[in-house]
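First up is the structure itself, then whatever we jot down about it.
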């Protein structure tokens with residue numbers, strides 16, 4: 001536990017940024033949106049890691065690798081979100097408790113499910129995050145924060161790409177023969 005008595009920045013407070021010419025009111029709106037995205041992406045990250053660790057079956061290797069890479073992508077997106085929150089004069093959500101409490105996406109429980117169910121759950125979270133990111137991109141643009149909007153668009157491209165891959169994995173076409181399924 002930290003022995004520091006005086007916090008340099010208080011969670012929930014937004015100063016804005018003179019360097020970025022972003023006043024506290026506009027910055028606070030962006031920070032709130034970015035912190036919500038940060039919480040959601042970290043939930044996604046942990047769920048992807050869970051599925052990466054527990055995947056089994058005929059497509060194990062491909063799915064194991066994909067889920068690991070998708071988790072890395074989610075972590076990179078989360079890092080960009082947190083860095084931008086800080087640049088705008090806010091404090092990024094960091095504790096597991098805060099991240100889970102602030103997430104608007106449903107967290108999968110601790111049980112292990114078949115990979116089709118797991119991927120469907122992942123795709124649902126991706127969909128929720130994609131919708132929120134689009135809304136927050138528009139918010140940032142409307143507030144004149146074009147850099148945040150650009151950063152969100154870049155993350156959105158990565159997240160949409162992984163969601164699209166999951167959609168392909170969930171298709172009915174397979175190389176596994178019917179006999180192997182029985």
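Heads up, the Cβ atoms here are built off N, Cα and C, so glycines get one too.
Taken from Swiss-Prot as is:
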- 52, 79, 83: Fe cation 1 binding site (BINDING)
- 53: site 'Involved in iron translocation' (SITE)
- 56: site 'Involved in iron translocation' (SITE)
- 75: site 'Involved in iron nucleation' (SITE)
- 83: Fe cation 2 binding site (BINDING)
- 85: site 'Involved in iron translocation' (SITE)
- 86: site 'Involved in iron translocation' (SITE)
- 154: site 'Involved in iron nucleation' (SITE)
- 164: site 'Involved in iron translocation' (SITE)
- 168: site 'Involved in iron translocation' (SITE)
- 171: site 'Involved in iron translocation' (SITE)
Where residue 83 (Fe cation 1 binding site) falls in three-state DSSP terms: helix
Within 10 angstroms of residue 53 (site 'Involved in iron translocation'), Cα basis - recorded positions out of 79, 85, 154, 164, 168, 171: none
Residue with minimal Cβ packing [other Cβ atoms within 10 Å] among the recorded sites 75, 154: 154
Least Cβ-crowded entry, counting other Cβ within 10 Å, from the recorded positions listed as 56, 79, 83, 171: 171
Number of other Cβ atoms within 10 Å of the Cβ of residue 85 (site 'Involved in iron translocation') across all protein chains: 24
By Cα-Cα distance, the member of recorded sites 56, 86, 154 nearest residue 79 (Fe cation 1 binding site): 86
Long-range Cβ environment of residue 86 (site 'Involved in iron translocation'), under 8 Å and at least 6 residues apart: 92
Residue pair residue 164 (site 'Involved in iron translocation'), residue 171 (site 'Involved in iron translocation') - Cα distance, angstrom, rounded: 11
Cα proximity to residue 85 (site 'Involved in iron translocation'), best match among recorded sites 56, 154, 168: 154
